[in-house]
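S.K.: So TrEMBL has the following annotated:
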ACT_SITE  Asp363  active site, proton acceptor
ACT_SITE  Tyr451  active site, schiff-base intermediate with substrate
DOMAIN    38-123  domain 'Copper amine oxidase N2-terminal'
DOMAIN    140-240  domain 'Copper amine oxidase N3-terminal'
DOMAIN    291-528  domain 'Copper amine oxidase catalytic'
DOMAIN    558-646  domain 'Copper amine oxidase catalytic'
SIGNAL    1-19  signal peptide
Amino acid sequence: MWLLGLPWVLALLVTVASSGPSADAPDPASIFADLTPEELRAVRTFLMERPELGLSPSQGGALAKNSLFLVELLPPKKRSALRFLDFGAARPRREARAVIFFGAQAEPNVTELAVGPLPHPSSYRPLAFKGGRAVPFTARPMTRLEYELLHGALVAAMAPLEPLLLEATGFGFQNCSQRCLTFSDIAPRGLGPGERRTWLVIQRFVEGFFLHPVGLEVLLDHRDLDPRRWAVQRLWYNGRYFGSVRELAESYAQGTLLLARLPEPPARLFSSYEPRGRFAGGTHTAAHGAKVCEPQGRRYRLRGNRLKYGGWSLAFRLRSSAGLQLFDVRFGGERVAYELSVQEAIAFYGGQSPAAMQTKYMDAGWAMGASSYELARGVDCPDTATFLDAHHLLDADGPVRFPHALCVFELPLGVPLRRHFDSDFQGGFHFYAGLEGQALVLRTTSTVYNYDYIWDFLLYPNGVLETKVHATGYIHATFYTPEGRRYGSRVHSHLLGNIHTHLVHYKVDLDVAGSSNSFETMDIRFENISNPWSAGARVGWDRNPPAPRLTPPLPCPRYHLAVTRRHENEPSSSSIYSQNDPWNPPVTFESFIRDNETIEDQDLVAWVTVGFLHVPHAEDIPNTATPGNAVGFFLRPFNFFNEDPSVASRAPVIVRPLDPPTCSRVQIQRWTPPSPGPCVHPEPFTYNGTYRQV
């Protein structure tokens, strides 16, 4: 049996390239590998040449066009994959998932296609959501083109407010090359199905602009595919609502507007990472800190998308829509999970301004897997890490390479995996034994505008697998007003850090000793009983503390843990369309658990939600720090092995006295070299940071 351990505490489309060994025969794990740049181009070329689709380039042109938005791997059906992996059946047909925006027709819609076979596609077929739900055009994710048009519409609409903005902020929109204003957009985009109107938070465009709102929020309706029909519907300025741009401009001109004058930005911004101040202790910080090293080389193997470490073996991919996904997870050669993947990351906000109270981010709708920008060696991952590139075809006219999007490294835990000092209680000992603690980490990040999520899967030598996500980056903040104090903290002079809850949803398709599994819980309770060896005494407790309940409004995070039968038409608990149409999404997780199916001796999936409440504070400036802002869960063996499988490790140290109880001479047993040797990484720090079409 394997257990899900849930610590409830506050706490892409891609291809992977590695420097590992190559072989003529592809690893079986390659059936889960993300599409290569060549495959991405082949799919795009095939679809662009289909006259019945009438596709136009993604960039430029009008919104009312047919365009290819996303291409990524369509994973094989589980039954076909297992027949291939376990019984040597034919390799499953390799296909791509393509998302097309059909805007150039009377009833615009979003359609998904399966395209194959790869690497030379020759046909396509429609993909349907469970229940045949259609995707309305208003539910589509935002594109670069729509953002460009949105910016143009906002600049034009704000022209009457330019004097107000220049006086209050020193920055503007019109003919701007320096000292410009920008915006952050809020979702959901409306209050019901079919709407596409977005609150925009106006900010100074400086380093860390997320922390520089100017007190103006604008509601812009951009539902129509003709941007000439877009219009500003409402405005909020410094605590007051206005029905039009003209109304706000007239209030300013008449002198009845309470102006929110902002000071000139200093040369060293509070939103910057530049050092400032000194530690009171005076210890030396202008030197490199502790580093990770591999004195005898790497102890893991990477071949394509197959990763091996100790008893572990797994396949991985990084999909554009939702990020990291593990397949065929094995320990000791036996499969323990068919799939383990990130599904969704949600953040619910509260606030007094309209943008703050409207914000309910669902980051799959922002393609959080495709936000996997370059990881910095020695900062984001240790110097010793293996870095892997990713390729996305998302809202682009060809695959885009994201260098160093993932990393793999072995991590010293700083605490032993297990240890014992056996005292003789006479000043000596019978023996000491310990096994140093290490884990292998597979990591990527998602920078979804202001927030950075660090996604980790950790493999331990005792058969434990941990998933973990750290939240960092800039807080989503709004302009400070006294009324806003109910919904957060004043983190700077004109800045309110809005209270919010982070929720992350995972899919765990456990296959323990086969695909037919059952689910059971183990409840622990206290009992009051008579002490059998002391008459009249009682053993126990008077009460058990109540368990907390978490009931946010969206279906998928309503449960800490939900277990369902596995179905091919329930591959994900969310979709890229839920953000812009949460009222009628094509994927409704609640339908997964309302069909009253038996979950005894079936192929089961555990859906796990972890999260924490974040009340921003001054120490979140400039960025939220990772300590205390991480959550996750464990997969742990429970009577699955005869003993701790880490006994196979050759890294323990055993010390026994040769002359007890004096203990002046000891015998030291170890199965690794006596000294690890020097540990340095001589290359200087480098970083590129670009991601470009290839």
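Cβ coordinates are placed from backbone N, Cα and C, and glycine is handled just like the others.
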S.K.: Which residues, sitting 6 or more apart from Tyr451 (active site, schiff-base intermediate with substrate) on the same chain, put a CB under 8 Å from its CB?
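M.R.: Sequence-distant Cβ neighbours: Ala347, Ala471, Thr472, Gly473, Tyr474, His476, Thr624.
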S.K.: Under 8 Å Cβ to Cβ from Asp363 (active site, proton acceptor), same chain, six or more residues apart: give me those in sequence order, or none if nothing qualifies.
M.R.: Glu344, Ala345, Ile346, Ala347, Ser446, Val448, Tyr453, Gln579
S.K.: Can you work out the mean pLDDT of the predicted model over the domain 'Copper amine oxidase catalytic' (291-528)?
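M.R.: 94, rounded to a whole number.
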S.K.: For the domain 'Copper amine oxidase N3-terminal' (140-240), how many residues does DSSP put in helix, in strand and in coil?
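M.R.: Split into helix, strand and coil, the domain 'Copper amine oxidase N3-terminal' (140-240) gives 31 helix, 32 strand, 38 coil.
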S.K.: What is the number of residues in the domain 'Copper amine oxidase catalytic' (558-646) that are helix, strand and coil, as DSSP sees it?
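M.R.: Result for the domain 'Copper amine oxidase catalytic' (558-646), in helix, strand, coil order: 10 helix, 26 strand, 53 coil.
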